[in-house]
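The following block contains the structure, expressed as structure tokens.
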Amino acid sequence: MNIKKVDKYSFLEFKDDKFSLYFSTAENGLNFNINTEEGNDNIRNLKDWFNVKDVGYLKQTHSDIILNYDSDKELLEGDALITDKDNTLVGVFTADCVPVLLYDKSKNVMAAVHSGWKGTSDMIVKKTIIKMKQEFLSTASDITVYIGPHNKACCYEFGEEALSEFEGSGIYDISEIYKDGKLDLEKCIVKQCKSENVNNIKCLNICTNCSKEYKMFSYRRDGKSAGRMFSFIIKK
């Protein structure tokens, strides 16, 4: 992992052949909340900062809607974007939910997924992998998955009354994903990947709520004043 500096801001950077993956931090208050003028300005800046033609993102709704990215002319609702377009960036906004970036070097396809507890219970990452297989002919062994900073099991308190959403999936063992009143979203997502025979999984192991090494936004910690981070993948 590298730290990419852009102006006064810091991004966590990973590179693999033609793919570059970035996770923004809250360093110097870099905010991508699209409900603010500042957030929209920063989204527009990404084209110059990272030298790309198109920037793809969605109006996130905690759904399992997965869309193929075509252009940035219209803001659509959903929580995952897939594309094989060159010189393009696709990403998701988070402030505790899990950003998941996927790519397949063989078929030159990439995806960005926003997986909060609802999206995780609806298995949006698994469904994204299935869509990559069906529509872009990806094979499991060619897919790489990065699980970014989120509210990890050390901090993510979750009410037992909603655990029923995770039962009956056939891949979750509640005793493994839920302990001492806390839910392990990362473990859920890893299980989704492995259920599709995707085993090349990289976990950043950064908690948005309690990380001391990196400055992160956390809605649980900071409330409505929390900014939004942007996690994205580029194919050149």
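Each Cβ is built from the backbone N, Cα and C atoms, and glycine gets one as well.
Keep in mind it's a predicted model, so treat the numbers as computed, not measured.
Pasting the feature list from Swiss-Prot:
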- HIS62, CYS97, HIS114: Zn(2+) binding site (BINDING)
Which one of the binding-site residues (HIS62, HIS114) has its C-beta surrounded by the most other C-beta atoms within 10 angstroms?
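Of HIS62, HIS114, the one with the most crowded Cβ is HIS114.
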Suppose we draw a 10 Å sphere around the Cβ of CYS97 (Zn(2+) binding site). How many other Cβ atoms does it contain, all chains included?
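That number is 25.
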So which other residues, same chain and not among HIS62, CYS97, HIS114, have a Cβ within 8 Å of the centroid of the Cβ atoms at the Zn(2+) site?
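Close Cβ neighbours, site residues excluded: GLN60, ASP79, VAL92, THR94, VAL98, SER115, GLY116, LYS118, GLY119.
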